[in-house]
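A quick write-up on the structure given underneath.
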Amino acid sequence: MQFCPTCGNHLIVAVDEEGRNAFDCRTCPYHFPISTFLYSRHEFAQKEVDDVLGGEEAFESNQQTEVTCENTKCDNNRAYFFQLQIRSADEPMSTFYRCTKCKFQWREN
């Protein structure tokens, strides 16, 4: 994917008057003939879920609420929680909980 150095828009590959491939900008007159084979590959490292959500310490900085722990071996009624919109915007937010006592985690949609 190439971008126009003049206006910054995405360049398309088009065939010029001589039948050669060229990068053309749809919004300005920028035209760049392609004279060599162009290829580049970028591999991105996928982040771990803990990196995105903040890791182990993320829950401790959140609010607490009264909710019964879903771990059957725990009788605690307090949990840290946060909400995320992980589905489409017309769906309700998902609430993630972590027990303050046993550290058990669960979610409600």
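Count begins at 1; order follows the chain as displayed.
Cβ coordinates come from backbone N, Cα and C, glycine included.
For Cys4, Cys7, Cys25, Cys28, the entry in Swiss-Prot reads Zn(2+) 1 binding site, with the evidence type sequence analysis. The zinc finger feature in Swiss-Prot is assigned to 4-28, 65-107. The Zn(2+) 2 binding site annotation in Swiss-Prot covers Cys69, Cys74, Cys99, Cys102.
Structure with Swiss-Prot features highlighted.
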residue	record	DSSP (3 states)
Cys4	Zn(2+) 1 binding site	coil
Cys25	Zn(2+) 1 binding site	strand
Cys69	Zn(2+) 2 binding site	coil
Cys74	Zn(2+) 2 binding site	coil
Cys99	Zn(2+) 2 binding site	strand
C-beta crowding around Cys7 (Zn(2+) 1 binding site), within 10 angstroms | 11
Spatial neighbours, same chain, of Cys25 (Zn(2+) 1 binding site) - Cβ under 8 Å, 6+ residues apart = Cys4, Thr6, Cys7, Asn9, Leu11, Ile12, His31
C-beta crowding around Cys102 (Zn(2+) 2 binding site), within 10 angstroms = 14
Write out the long-range same-chain contacts of Cys69 (Zn(2+) 2 binding site), meaning residues 6 or more apart in sequence whose Cβ is under 8 Å from its Cβ.
-> Asp75, Asn76, Asn77, Ala79, Cys99, Lys101, Cys102, Phe104
Of all the binding-site residues given, Cys4, Cys74, Cys99, which residue's CB has the most CB neighbours within 10 A?
-> Cys99
Tell me the Cβ contacts of Cys28 (Zn(2+) 1 binding site) under 8 Å, same chain only and six or more apart in sequence, or just say none.
-> Cys4, Thr6, Cys7, Asn9
